[in-house]
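Here's the structure we're looking at; comments come further down.
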Amino acid sequence: MFKLNLKIALRNLWRNRGITFINIGGLSIALAAFILVMIYAAYETGFDKSNPNYDRIYQVGRSMQDLKTNYTPPPLAQAIKDNFPEVEAVGKMKSGAFELPLFTNEGTVFTQNFLMADYSATQMFKIKPDYGLEKPKGESVSLFLPRAYMQTLFPHKKDNKPELVGLASKSAGQSGEVIGSVFVDPHSNISFDALYISNDLGKGEDYGFNNYQTYIQVKKGTDIYNLEQKINKLYQTELAKNSGNDDRFKSTTIFLDPLKNLHLKPKTGSDANYKVLISVSVLGFLILIIACINFTNLSIAQAAKRAKEVGVKKVMGAYRVQLAIQFLTEILIQCIAATVLSLIFAELVLPGFNSLFLVNLTIWQSNSSLIWQLPLILFFITLIAGIYPAMVLSGFKPAAVLKGNFQTSKQSYWLRNSLLVIQFSIAVIFITGLLIINSQLKYMRTQDVGFKADQVIYVKNIALFSDPAIFEPIREKIMKISGVKSVTVTNSIPDGSKLGTNTYAVDAKKELISFLDVDFDYFETLNIKLKEGRPFSKEFKTDAVNSAILNESATAKYGLTNPLGKTIRGCDMDYKIVGIIKDFKAQGFEKAVEPTIYTLKNPCGNPKTMIMIKIEESKMSETLASLKNQWLNINPKDGDNFRYQFLDQLYGKLFQKQEQLQSVFFAAAILTIFIAILGLFAFAKYITNGRIKEIAVRKILGASDLQIMKLINTSFFTMVILANLISWPVAYILTKKWLGTFAYRIEMPVLPFIISALITILLTIITVSLQATKAVKAKPVDALKYE
Amino acid sequence: MIEIKNIEKYYASKGVKHYVLRHVTTSIKKGEFVSIMGPSGAGKSTLLNILGMLEESTYGQYEFMGEDVTTLSERKRIELYRNHIGFVFQAYHLIDEMTVYENIEAPLLYKKIGNSERKSRIADLLDRFNIVAKKDLFPNQLSGGQQQLVGIARALAAQPSLILADEPTGNLQSVQAEEIMELFRKLNKEEGITIIQVTHAEKNAQYGNRILHIADGVVKDDVQVG
């Protein structure tokens, strides 16, 4: 029996292969999206999950009035360990973010993210160097590097003995010992590209040194809330003991943040990842559900063809449940095919997905749970997609269907209409959203940002050039290279990084404003426009001492109408304002340009290390080559490695998040409109099948083809208009909210709404007309001769 | 075999009853070959559907093989279909996706007949109706007469005691129609299968041994033939 049903199912699917193809194709695309979302979700929620103590590790954080931080003082860890038996282990870590060159005669690597950890922290996070880890003795530290770095530095290394590497630059003559290589788990919250392991960290530092991350591992069944209170109390007493009457920390409390939250929604950071994950999951789920319901619709649309079979089988002695199982089997076959196809689709789009979300996922290795999840999904989509058609089809009454003039009933008409409207509403929201995102991004790309990052390179450097006099010889040497237009040095480049802030006063009016320390030719290098006054110039001896330039926002903040020559006071210095520049968007479009003061000399700022060079476009490659060749001569303190990045690329990274959003919306818009059109296709078929006789009669009465086309299209046209009307306000509110996150944005455009309406209407008319043509072209006599 | 008393069927619309059948009372004995005749819209097919339990009467009693079937669960009814009743339709109603062989096999599968028994029964039927060569063809590859032969073979496969036929020759040319009617007579005479058919043609009715004339939902005449 099962074999026969299977055979008939396959014959049936083959006979209607057009619909079958659409059915399976639509479902598999949605399923592929869902699978991607699933492995993405599994990846995002799986950080450190391989750690056997995953559920028992917590990060200790401090909560101040308006700030939560995971920087904790080093003695706290030991105090926790000493006082609370339920804490099995404590670990401390400290990370350094500046770039440090490590070199041998064979090669050079640049560590971006080195981590110092005490021995117990490495044990807690199962960080295992390749040849094992001996507990460092006494005060000694052990340096470990990732395998790739070791390969670069020691390509011929065969043994596991420690090696020496040079640190920073050759001229500094420093070296250190590398113990060996270590595997860096990319799927862990603990990331580094150089690791120092020591017995203890922060020895001798007291409760004022909030520079360390503290992790604790608790025993099973520990009451975390209770422990949190106890640690907080301990912290308060220790604070009182150590820092006496310093009441800055009095209001600070301790909290514990579980390891499983650290990646997605740390208490001390942004939960943007979590929000992205939730919205992507909802999206994937929605698409799958809509595709399943669509599948249902397509199946029922063909019901008329199967009605006779049901009637005949029933009078031959088939129970309803047997028929229901038969239809479910057919749908199961299609779902299996869709699942297989979806895995192929998912595999195909995975590289794009990975580069979009900056992850490295694979379908099989990353998530072995897919092996049991997939059959489960298959089971559920078969149920969701199959239950309704199975019930409807198996419920046909033989007397009705065998009479010969059976028409599929009008039942569930409302359900299907609303479903179609909902599908189109979602599609319209995504299309409108996509169009508005596009316009904003286009605006951001074409709008004048106030400076030109093109052909400007940022040269990395660790030598300090805070005094213009020190930088001057270097500038002279660089300027001699042909193709170099201008050179400057600063302590922050316009790549979106936040500037330092300080209080400055003009005429006793105090304001907190940003400051940037620059060198001569800063404004020229970035082509920033001057509004009034003059730029910094070597001709004025005082510029290197106490001249300042403000931007427009700063003058506005102080309410200065005639700022030139006025004195601005801050950081124990009196500056004379010599120029006003026009605002430029160093932080991108999301934040308004901050009131900023630009000075050559600033005792409060970080040292100037970041060199920027403007190069002629036509001589770019040769100039870069010359710079590379002569760099040691130019910059003897850090000249071994000429490392540079293009400023426009760095600035372009500010757009990355929005471009990600754009891609997600693009995919969602295409998917939803595709699925909606599939649904419409089925629905139109269903409706025209039901109206074949009506169409025939109208034709006999003299209706033209066009009139009949109009007749069939009208109801669909109404539904699409309705969908547009529903989704416009939703799209308006959502995009308005999104645009609100930009300080510089377009006015809400009207065109996207009209365009998405036109797109949906056009697609609807084409789809419906394709179906209607068959009915219209059919000879009326064929439709009417039965009975 | 069949006892019906005061069967009525009407459709109520806007409070007005439209009668299809009124006060139909009759009994059909085992081994009879009954033809139901009458003009279009007289209620012939409705009566046959009620006899076949495809439709329910609005009023009246119906006993099938001594059992009251007016209120029968779907499961019980299907049991009757499996064991006692075979249907033959004007439009043949073969399943298009199944071959001739599979169409005949289907009711045996539902009846859970064993594999070897099934094979021998189908072989026997194919042989008897002279359609062995056609067994792997699909219905749309057969002529109307051949399709109806398959339809009858399918109805006989489960070895029913009653065959209900709704204008079995309505779509056939006269030569084929005669063959089918001969077949019915043979089945009735030689195997004692009770047959109830709806027909328009007086000629077809002559093959049976009893005619029920229906007009406007009422049995006008009940005559024995031959």
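Just so it is clear, glycine is given a Cβ too, placed from its N, Cα and C backbone atoms.
Across the domain 'MacB-like periplasmic core' (A:20-233), mean pLDDT in this model comes to 85. Annotation comment: TrEMBL describes A:20-233 (among others) as domain 'MacB-like periplasmic core'.
If you look at the transmembrane segment (A:21-43), the same-chain residues 6 or more away from its ends with a CB under 8 A from one of its CBs are 187, 277, 280-281, 283-285, 287-288, 290-292, 294-295, 298-299, 334-335, 337-343, 345-346, 349-350, 353, 357, 359, 361, 363, 366-367, 369-370, 373-374, 377, 381, 385, 667, 671, 674-675, 678, 681-682. Summarising the annotation, TrEMBL assigns transmembrane segment to A:21-43 (among others).
The transmembrane segment annotation in TrEMBL covers A:276-300 (among others).
Residues or ranges marked as domain 'ABC3 transporter permease C-terminal' in TrEMBL: A:282-395 (among others).
The annotation transmembrane segment is assigned in TrEMBL to A:321-350 (among others).
Sequence-distant contacts of the transmembrane segment (A:370-393) (same chain, six or more residues past either end, CB-CB distance under 8 Å): 27, 31, 34-35, 38-39, 42, 288-289, 292-293, 295-296, 299-300, 303, 306-307, 310, 323-325, 327-328, 331-332, 335-336, 338-339, 363-364, 411-412. Annotated transmembrane segment per TrEMBL: A:370-393 (among others), in sequence order.
Here TrEMBL flags A:414-437 (among others) as transmembrane segment. Sequence-distant contacts of the transmembrane segment (A:414-437) (same chain, at least 6 residues past either end, Cβ-Cβ under 8 Å): 286, 290, 293-294, 297, 658, 661-662, 665-666, 668-669, 672-673, 675-676, 679-680, 683, 686, 719-720, 722-724, 726-728, 730-731, 734-735, 738-739, 748-749, 751-753, 755-757, 759-760, 764.
The feature domain 'MacB-like periplasmic core' is assigned by TrEMBL to A:425-589 (among others).
The transmembrane segment feature in TrEMBL is assigned to A:664-687 (among others).
Across the domain 'ABC3 transporter permease C-terminal' (A:667-780), DSSP assigns 96 helix, 0 strand, 18 coil. Residues or ranges marked as domain 'ABC3 transporter permease C-terminal' in TrEMBL: A:667-780 (among others).
Per TrEMBL, the feature transmembrane segment maps to A:708-730 (among others).
TrEMBL lists A:750-770 (among others) with the feature transmembrane segment.
For the transmembrane segment (A:708-730), the list of distant contacts is 417, 420-429, 432, 680, 683-684, 687-688, 691, 695, 698-699, 753, 756-757, 760-761, 764-765, 768-769, 772-773, 775-776: same-chain residues at least six beyond its ends, Cβ to Cβ under 8 Å. Same-chain residues lying 6+ beyond the ends of the transmembrane segment (A:321-350) with a Cβ under 8 Å from its Cβ atoms: 2, 5-6, 8-10, 12-13, 20, 23-25, 27-32, 34-36, 295, 299, 310, 313-314, 361-363, 374, 377-378, 381-382, 385-387, 389-391, 393-394. Each residue in the domain 'ABC3 transporter permease C-terminal' (A:282-395) gets a DSSP state, and the totals come to 96 helix, 0 strand, 18 coil.
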